[in-house]
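In TrEMBL this protein carries:
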type	residues	note
DOMAIN	2-139	domain 'Peptidase S54 rhomboid'
TRANSMEM	7-28	transmembrane segment
TRANSMEM	40-58	transmembrane segment
TRANSMEM	94-117	transmembrane segment
TRANSMEM	123-143	transmembrane segment
Amino acid sequence: VHRLVTYIFVYEDLISLTCGAIIIWYFAGSFEKNVGTVKHCFFTAAFAVLTALLYLLLETVVSRMGEVEDAKGFMPVAFATLGVSTTRSRMKRALVWGFRIPVVLVPWFMLCMAWFIPHSSLLSNLCGLLAGEAYGLGYCFCLDIPESMASKLDQMFPFSLLRRIPGLRYIPGTLAERRASESSK
């Protein structure tokens, strides 16, 4: 059961670790700005479990057709956060390498690009993307954390400790606090 979450910390080589770090920094960082640190931590665990369960379900079908790479690394969870961000985005088009493409196609384009990252599992990345888009479209509404609960969790350990660490950017759990901290900057 522990492997439903711990697979996101497994990397085979330095290249996949570097690619994973870049993806975490870029996609998960922007997701954290939108939802706050508390919800980001919760969604990281929730998307890891949802992705793993979907992967286990689909792996039995796909493995009959050919070899399937094991799920590992943070990339599936990053694809889940990307899926949420693009399905809930108000933008119609995005600029990707000088081309304007529909925002809903960005994660699928990135999924094709991730296929070339060494030791990256296409199936687990696809499962992450599907989990994120399902949540973004409202099919997993049970995962929503009320802002009052996020505000209470902000005051509890380990989040209260994270707030006090100098140099670490902590993003509040409620929308009002996030807007207030943005306007003060």
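Every residue, even glycine, has its Cβ placed from backbone N, Cα and C.
TrEMBL does not curate its annotations; it predicts them automatically.
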Of the residues in the domain 'Peptidase S54 rhomboid' (2-139), how many are helix, strand and coil by DSSP?
95 helix, 8 strand, 35 coil
Any chance the transmembrane segment (40-58) and the transmembrane segment (94-117) are in contact, meaning at least three CB pairs closer than 8 A with a sequence separation of 6+?
no
Same-chain residues at least 6 beyond the ends of the transmembrane segment (94-117) whose Cβ lies under 8 Å from its Cβ atoms:
15-16, 19, 75, 79, 82-83, 86-87, 125-126, 129, 132-133
